[in-house]
């Protein structure tokens, strides 16, 4: 019976080799569904942002960055896992160190940039809503925004030289190495989660207590409206309540996807390894965020809904067709 280290290093679906064929087929189908839905939703968000000028804001630039990273997981990594789960455990494809390195690189790159994009979006919205417009405009110039996006990919590429060593460790060393790797991963996700919650809870406090300017947490496409009017009407109580619920719902979904892996990893490092099935479930929840992220950030945006209706079948008609970003301002 394989131990926890062999399970984590060589299993294609984060499962034990002796798991039943029915379980493997079920999870292969689950990966296939996540891959198809996640690829379509991420591609749709990217297409809408590039096609509609009103959606081309700084916050949406970070969302597109996250969607591009999520495509690495949904369009490249998940389909391979779905196929490999249907192969016999002794297949040569599953035991190739180079192929495992490729799959691990796709997953690590996508998840790292995706989590960084979550934080960039949260901080962007926090500055937009809680700081003066002049501060926001000075911080989020086009050059600065590009540097932030490039930095998220650079940080994700830093561990790549270490991956071959992690994959080729012997069985005597793999257990200790995997424990420390899991600890670093847990601490990184925990720190990112703390910063993200600080930003969103700060937004909730500002929206609830603000009576100086109208702020909608539901639609963050406000860059083109800056600077704010001198004396806009205060937000209605119902709008503030709905805005707070939307932000808290986003935080709850994010916590549900990330925290199981954090605490399973910490449990394995300080006490004893969690059951393999629990480890697999925590990884699956984290990977499923790549398919849910586009919906988390667009489901309450009227601009995104209007743009989606105009390009989907039975939309609003030719008048609502997407307009190229570089089109002239005239009719």
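Glycine is treated like the rest: Cβ placed from N, Cα and C.
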208-230, 277-299 - the one TrEMBL records as transmembrane segment: 277-299
Feature transmembrane segment in TrEMBL, mapped to one of the ranges 144-162, 163-181: 144-162
Of 62-80, 100-123, 245-271, 277-299, whichever stretch has the most CB pairs under 8 A to the transmembrane segment (182-204): 245-271
